[in-house]
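**Student:** One structure, pasted below without further comment.
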Amino acid sequence: IGLEINTLAIIPLMTKMQHPRATESATKYFLTQATASALVLFATAMNAWMTGEWTITGMTSYMPTTILTIALAIKLGVAPFHMWLPDVLQGLNMLTCLILSTWQKLAPIALLILTSHQLNTNLLIIMAFMSTIVGGWGGLNQTQMRKIMAYSSIAHLGWMVLVLSFAPKLTLLNLAIYLVLTSSMFMMLMTFNSTSLNKLSTSWLKAPTMAASMMITLMALGGLPPTSGFLPKWMILQEMTSHHLGTLSAMMAMSALLSLFFYLRLSYAISMTSPPNISNSNLTWRKKKSLTYIIPTLTTLSTMMMPITPTLLN
C-alpha cells in the first residue's frame, strides 16, 4: 500500500504541466510502477503459498526472492529495467524530475535494505555492473540535461545495489550523498533554467560563482577526490575487496570512468564555451529568485563531506 500511495501521489504532479510529453511520461511511469507492484504482491503470495508466512522480510525460497529483487529493480530503474526512466524524466519539468530522482527512490531502497539478507546476491551484482555500464554509456551522447541526470541516477543506483548484500549501511551512505548531490544539481539547473547542453553553456555569463559550484558538484557526481562523491565509491570498493571480489571492484571502477567522461563534458561546456558576444546573440533570461540558503548548503555538503571519512571508517 505504501509503494502504491508513493506512486499515485506523484502522478498529479507529473500531469500538472499541460503537455502531451507530460501525459506520456505519467502514463509510462504509472504502467511501470503498477507492473512492479503486481510483482511484489506476486512474490509475497508465492512466499505465503510455499512457507505459510506473509512477512516480506522472512522470504527463504529462491523464486519469491528473485521476483522481489526484479520488482524493486523495476521500481528504481536499475538496469536492465531502466528503459522507462530517461523517457519519463525528459517529459517533466525540473522540479518533478528532482522529486522523481530523489524522494521516489526512498521507499523501494528502504524495502531493499529490509530484505537485503535474503536477496539473490549474484543477481544484484549482475544488475549493479549492468547499471554502471548502461548509466555511463547511455549518458555519453545525450544533450538534454534531464536525460543525462537520468543516466547518472542509473549509474549511482548500480553502486548502491552492488554493496547491498555485503554492507547495507554503505548503501544508506551512498543514498544520502546521492540525494544531496542530485538535489544540488537539479536546483542549480532550475536556477539557470538550463534544460539542454546549449543552454548550460551560457550559465557562466549569468552567475560565474554558481557555475563554478555546479562544476564542483559534477566532479562530485563523477566521484573525484576530495569531493563527497569519492567517499562512497572508495568505501564500497574497499568493502568488495575485503570479500575477495577484487576483479569485480576493478571492473566497477573502470565503468565509473564512462560516467566521469560526460560529467567532464558538462564541466567543459560550463567553463570553456560561451555564446558569441555580438549584438544579435540572445541569452536565455534567468528569472530573479528569492534569496535561498538551500543551494549553498547542498553545494557545501557536496564538496566538504570528505573530512568526516576517518570517523565513518572507525
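Note: Cβ is positioned from N, Cα and C throughout, glycine not excepted.
TrEMBL labels come from automatic prediction, so no person has curated them.
The annotation domain 'NADH:quinone oxidoreductase/Mrp antiporter transmembrane' is assigned in TrEMBL to 1-258. If you look up TrEMBL, you'll see 29-50, 62-85, 92-115, 121-141, 148-167, 173-192, 204-224, 244-264, 291-313 marked as transmembrane segment. Residues or ranges marked as domain 'NADH dehydrogenase subunit 2 C-terminal' in TrEMBL: 260-312.
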**Student:** At a threshold of under 8 Å on Cβ distances, which of 62-85, 173-192, 244-264 pairs most often with the transmembrane segment (204-224)?
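**Tutor:** Highest pair count goes to 173-192.
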**Student:** In the same chain, who gets a Cβ under 8 Å from the transmembrane segment (244-264) while lying at least 6 residues past its ends?
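**Tutor:** Same-chain contacts beyond the flanks: 125, 128-129, 132-133, 135-137, 139-140, 142, 148, 151-152, 155, 158-159, 162, 218-219, 221-224, 233, 236-237.
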**Student:** Using a Cβ cut-off of under 8 Å, list the residues of the same chain at least 6 residues beyond the transmembrane segment (62-85) that approach it.
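**Tutor:** Same-chain residues near the transmembrane segment (62-85) but 6 or more away: 3, 28-29, 32-33, 35-37, 39-40, 42-44, 46-47, 50, 56, 105, 108-109, 111-112, 115, 118-120, 123-124, 127-128, 130-131, 133-135, 150, 153-154, 157-158, 161.
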